[in-house]
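Database features (TrEMBL):
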DOMAIN    6-114  domain 'CUB'
DOMAIN    123-234  domain 'CUB'
DOMAIN    247-488  domain 'ZP'
TRANSMEM  536-558  transmembrane segment
Amino acid sequence: TGVPRCGASLHELNKVLSIELNANANCVWQIQRNANQTIRLIFSHFKFAPSSSCETESIKVYDGSSTNSPFLGQLCNNTDAVPVLQSSTNSLTFLITTNSMAFTRNFFVFYYFFSPETKTENCGGQLTGPNGTLTSPNYPAAYPEFMYCVWHIQTAENTKINLQFQDFFLELDQNCQFDFTAVYDGLTTNTGLIGKVCGRAQPAFESSSNAMTVALSTDYANSYRGFSAQYISVPLPGPVEPDTFLTCSSDSMKIVLSKSYLASLGYNETHLQLNDPSCRPVITESVIFSFPLASCGTTKKDEGHSITYTNIVSLSATGNIITRQKSIEIIAKCRMENNSTLEVIYVTKNNIIQNTTAVGRYKVSMSFYDSDSFSKPVHQSPYYVDLNQTLFAQVSLHSTDPNLLVFVDSCIASPQPDFGALTYDLIRSGCNKDDTVVTYPPLEHYGRFKFNAFRFLRSFASVYLQCDILICDSKTTNSRCTEGCISRQKRALSSYTWKTNTVVGPIRLKRDLRSADHPESFTKADAKETLNLQQYSFYTLAFVALISNIIIVVTVILKYHKHQAGYSYQKIQSS
């Protein structure tokens, strides 16, 4: 320590640097010494600004006396290792840059010059048996200073490795900055860090495959007896089918994960989080995430004729010394398509994708209201109305996504609930086909229109309505829901997100209600009207019959006289 706060030129044989930097730093440290030795540089502890990226904040190391020298490596906020870098000559340079975030960054770095040809007995090696032992140099005596030993363990295919330290005694400090042992999942020290330990303990580690790497690093002082460890290979369990379920509704998403499936991946319910970590699951026999579509970090993508809602369940380990698996994500997608919802859930692990699908749909309903305020729905069924009475209809989308629009594309009426041969257009392609129809502009989750009760209700007991409904993303410009009335040809080129239909009815005349419920209440006027109609029908029929008889008699007489006249004037042919 004691070096300038931002960068320095260093020439000591070895040195410890405790570096503290704030925002917008751009600092260069150059290490160089006139000696026929190389340099080992160890970043045993580093703390970058939270959520910083490698593009904006990093440490870059160069194999030479400047930043123009060959690039050796980089570490940043997501570095999954304890970086140890080695020069090829007697000079080395590293550059630290920070972003604009107000945050105190801390880096603990030490370096030393050494001769690569100098070998230490029992310092690292290759271990390939099904089980074995490894010890630190000089164990159980004190380990040497300035040591970096790496053991690569590789067992048979379809096995994993359990490593147990029976004896472990290294220099202790809070962040294991001086002497430490690092264990990696795989055959490299560049990534896959399972854990870093120091002090006195009996740690245990487990790999996810048949490869593991153990590294021991020591500094210049306070050496202890080191460690003794054993490893064994264990058969990997057979493949476990993903036990996951996804349910999508009009307003929510539900992800169910079995505990046994999580255990097969090496995790439990404490390791799970959605895009928004504050959304926590309910733990029963399974782990259940249930949340509204537009919450918990769910992303939405408009894909023309569908909308896709996506959320990700991330599996991450907690604690300092535990088994760490490869990165795993469970990706849940609800795709709202024509007349259905396609539900997709898949698990990504080591670039392997496993899929599960199911089907659901948006929830849409239609109701009549008593006025154009659309505040009081009509609950009675059948809905009894007067002839030519104005009826107010509203289609409702039941969804928690606030950025959706509802549009009534077409609406037909029929006296039959199955909408058979006889139908009548009210609305077609957003255009009003009946003179009494008035449509209201789209309003969020509601499509509204009004019309007058039909005259053909005198001939049929009931009328049913069936409407085709389009659902659009309100953030999409020029969507079908905002175009209004268009021709059929143009309609084929127009886009919408989702289509369904809904039915409401029956509608009946109040006269039918009165006759059905109170047959004894017919008035004298009603009876007189009925009698007059009957008498009128009788007189009309008698008059028609009389006229028909007269026409027949006249026709016969005329034909007879014509026939007689013809014979009277016929010339007799001469012989």
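For all residues, glycine too, the Cβ spot is worked out from N, Cα and C.
TrEMBL does not curate its annotations; it predicts them automatically.
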Confidence summary (mean pLDDT) of the domain 'CUB' (123-234):
93
Per DSSP, what is the residue tally for the domain 'CUB' (123-234) in helix, strand and coil?
0 helix, 56 strand, 56 coil
Using DSSP, tally how many residues of the domain 'CUB' (6-114) sit in helix, strand and coil.
0 helix, 58 strand, 51 coil
